[in-house]
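The following features are taken from TrEMBL:
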DOMAIN    10-196  domain 'Thiamine phosphate synthase/TenI'
BINDING   Gln41, Tyr42, Arg43, Asp44, Lys45, Asn73, Thr117, Lys147  4-amino-2-methyl-5-(diphosphooxymethyl)pyrimidine binding site
BINDING   Asp74, Asp98  Mg(2+) binding site
Amino acid sequence: MNHHDWTRGVYAITDAELLPDDARLFAGSESALRGGLALLQYRDKSTDDGKRWRQAGALAALCRDYGVPLIVNDDTALALRLRRAGHDNVGLHLGQGDGELAVSRQQLGPHAIIGATCHGRLDLAERAVREGASYLAFGRFFASSTKPGAPPAALSLLAEAAVFGLPRVAIGGIGRDNILLARRAGAELLACVHAVFGGEDIEARVKELNRRLAQEPGPIAATHSLSTG
Ligand SMILES: Cc1ncc(COP(=O)(O)OP(=O)(O)O)c(N)n1
Ligand SMILES: Cc1nc(C(=O)O)sc1CCOP(=O)(O)O
Ligand SMILES: [Mg+2]
């Protein structure tokens, strides 16, 4: 397994409407991975535990081949079960209302990536940092067809959130035409559903996002290359 730097780049999030069965979920996710992802999130709101276990396990194995962590949305128990089954590349994303981050951190251990939704609020970010978050997600920054009701946030928040010293995720309507706006505002990770999975040739869509990001590699990349000589 090649290990990539998960702290910057394109963060693709799966969608059960755009990828409605195993075949399309796995093929679409592999295309996205070929395009170059920092992180992949399994986001499935169904209550079909058997399906979720099967799909998340297969995605974790696929992600391993690409050296990419798989982040499970919402479900600490599923992330824990996958890690206990040997998928140590599995992390978790928690929103407000998805459970206590500190409890999930204790259950998943110090090495699991755990992300937190902070909407447009620095106080939520501060609490997430205290409870052991690995990254902070802010948004939505642009209109999102995937989640039209998500509360809006101002791009200026991203610069203010630099103080926490954790990777900042921008989410909500991010695509090829605004990805550099979010990057220049301070986001190291750019989270996308529709811009990745909402059309044909997923690999090419991710490559295009990466091409645009390459114009603005950003501060974490600079720090990383300095510290590794
Ligand atoms: C990277 C990332 N950021 C934000 C979210 C949203 O989480 P949440 O507010 O819990 O909403 P749902 O995704 O669960 O509908 C996310 N999933 N990923
Ligand atoms: C899952 C999610 N959370 C959001 C938030 O603001 O917390 S916006 C969002 C959907 C992101 O999808 P798209 O890239 O298609 O807009
Ligand atoms: Mg959630």
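Every residue, even glycine, has its Cβ placed from backbone N, Cα and C.
Rounded to a whole number, the C-alpha distance linking Lys147 (4-amino-2-methyl-5-(diphosphooxymethyl)pyrimidine binding site) with Asp74 (Mg(2+) binding site) is 15 angstrom. Residues from the binding-site residues list (Gln41, Asp44, Lys45, Asn73) with a C-beta closer than 6 Å to any atom of ligand 2: none. Secondary structure at Lys147 (4-amino-2-methyl-5-(diphosphooxymethyl)pyrimidine binding site), taken from DSSP and collapsed to helix, strand or coil, is coil. Note: the CA-CA distance between Asp74 (Mg(2+) binding site) and Arg43 (4-amino-2-methyl-5-(diphosphooxymethyl)pyrimidine binding site) rounds to 8 Å.
Among the binding-site residues Tyr42, Asn73, Asp74, Asp98, Thr117, residues whose Cβ is positioned under 6 Å from ligand 1 are identified as Asn73, Asp74, Asp98, Thr117.
Of all the binding-site residues listed here (Arg43, Thr117), it is Arg43 whose C-beta has the fewest other C-beta atoms within 10 angstroms. The predicted model assigns the domain 'Thiamine phosphate synthase/TenI' (10-196) a mean pLDDT of 98.
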